[in-house]
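Trainee: According to Swiss-Prot, the protein has these features:
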- 1-24: signal peptide (SIGNAL)
- Asn92: N-linked glycosylation site (CARBOHYD)
- Glu103: active site (ACT_SITE)
- Asn123: N-linked glycosylation site (CARBOHYD)
- His154: active site (ACT_SITE)
- Cys193-Cys230: disulfide bond (DISULFID)
- Asn229: N-linked glycosylation site (CARBOHYD)
Amino acid sequence: MPYMAMHGLTVALLLIFLAGGTEAFRICAFNAQRLTLSKLAKEPVMDTLVQILARCDIMVLQEVVDSSQKTVSLLLRELNRFDSSRTYSFLNSSLLGRSTYKEKYVYIYRSDKTQILNSYQYNDTNDLFAREPFVAQFALPSKILPSVVLVPLHTTPKDVEKELNALYDVFLDVSQRWQNEDVILLGDFNADCASLTKKRLNSLLLRTEAGFHWVISDGEDTTVRASTNCTYDRIVMHGQGCQTLLRAAAPFNFPRSFQLTEEEALSISDHYPVEVELSQATHNIQLFSLAILLLLSLLPSQLS
């Protein structure tokens, strides 16, 4: 094959392979605002939720209000129909809460890309949490970060400071239990505006102890209403693997992306999802090695 043709083919292959290596692993949290079977019966709500979920490799839903599995099962069925090239599964907590109002934490994840290694309900012996975290450890497609622990929390506005300080104890518990320092704390923390002043926020253990990175910045609006501007929803990362692979983190403004009015968006939720993207380091290393081999294959052509 002539050199120029070989060169063109090699470059084309490199571009294809390297483009494939740019895909990120996305972890999300979303307060879906009293998600029930009757809410999912509204077609625009279902359609939008499915599109939001399809963005994420792991999604942690909060405010799932369902004593049965019907709501999540229906949502999962529609999600798997939406993109048949992917396979989604779920894991949920029991109903949690101190009053008659109770809700679940629900993990919806791409089982073709990740698997749950362990999970447990945090033992809140002192009743510090209204909805104690339901913790899960996931396998990731990365040699740098082979697994990560997710700790979701939906605080109550009147106890934000107490619950967020108690979340530090959950971190200690899970990191010792599974010998894993790569932990992501995420959810609707109510960590802003009237629920938590700047001074109280900066005095939290998760702010003063070393190693915790609040990747959803203060000042980011995670609310749908134009009349509010609060960073209620957060993602806090700990661990060298997480920091090494961190690519981006932000709220997902779904009304803007899907061209919804505020009223239409509020039928879904009054919160934006928050997302963090991790580089898929294993894939990138393999592709880099392949790229080197392809480039070396050009040398004989150049020398002849």
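Don't overthink the numbers, they just go from 1 along the chain as shown.
Any Cβ shown, glycine's included, is placed from N, Cα and C.
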Trainee: Of all the recorded positions given, namely Asn92, Glu103, Asn123, His154, Asn229, which is spatially nearest to Cys193 (disulfide bond) at the Cα level?
Mentor: Asn229
Trainee: For the glycosylation sites listed here, Asn92, Asn123, Asn229, which shows the highest count of neighbouring CB atoms within 10 A?
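Mentor: Comparing the glycosylation sites Asn92, Asn123, Asn229, the most crowded Cβ belongs to Asn92.
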Trainee: Helix, strand or coil at Cys193 (disulfide bond), per DSSP?
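Mentor: For Cys193 (disulfide bond) - judged by DSSP and reduced to three states - the answer is helix.
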Trainee: Using C-alpha atoms, which one of the recorded positions Asn92, Glu103, Asn123, His154 comes nearest to Cys230 (disulfide bond)?
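Mentor: Its closest listed neighbour, by Cα, is His154.
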Trainee: Check His154 (active site) against DSSP and tell me helix, strand or coil, would you?
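Mentor: In the DSSP reduction, His154 (active site) maps to coil.
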Trainee: Which number gives the other C-beta atoms within 10 angstroms of the C-beta of Cys193 (disulfide bond), all protein chains shown included?
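Mentor: For Cys193 (disulfide bond), the count of other Cβ atoms within 10 Å is 14.
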Trainee: Under a three-state reading of DSSP, tell me whether Asn92 (N-linked glycosylation site) is helix, strand or coil.
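Mentor: Assignment for Asn92 (N-linked glycosylation site) reads strand.
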Trainee: Specify the nearest of the recorded positions Asn92, Glu103, Asn229 to His154 (active site), where nearness means the distance between Cα atoms.
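Mentor: Checking each of Asn92, Glu103, Asn229 against His154 (active site), the shortest Cα distance is to Glu103.
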Trainee: What Cα-Cα separation, expressed in whole Å, is found between Asn229 (N-linked glycosylation site) and Asn123 (N-linked glycosylation site)?
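Mentor: Cα-Cα distance, Asn229 (N-linked glycosylation site) to Asn123 (N-linked glycosylation site): 34 Å.
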Trainee: Please report the DSSP secondary structure of Asn123 (N-linked glycosylation site), reduced to three states.
Mentor: coil
Trainee: What does the structure give for the C-alpha distance between Asn123 (N-linked glycosylation site) and Glu103 (active site)? Integer Å is fine.
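Mentor: One finds 17 Å between the Cα atoms of these residues.
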Trainee: Rank the recorded positions Glu103, Cys230 by how many other Cβ atoms lie within 10 Å of each Cβ and give me the one with the fewest.
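Mentor: Relative to the other recorded positions in Glu103, Cys230, Cys230 has the fewest Cβ atoms within 10 Å.
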Trainee: Taking 10 A as the limit, how many CB atoms besides its own sit near the CB of His154 (active site)?
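Mentor: Counting Cβ neighbours of His154 (active site) within 10 Å gives 24.
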Trainee: Write down the Cα-Cα distance for Glu103 (active site) and Asn92 (N-linked glycosylation site), rounded and given in Å.
Mentor: 10
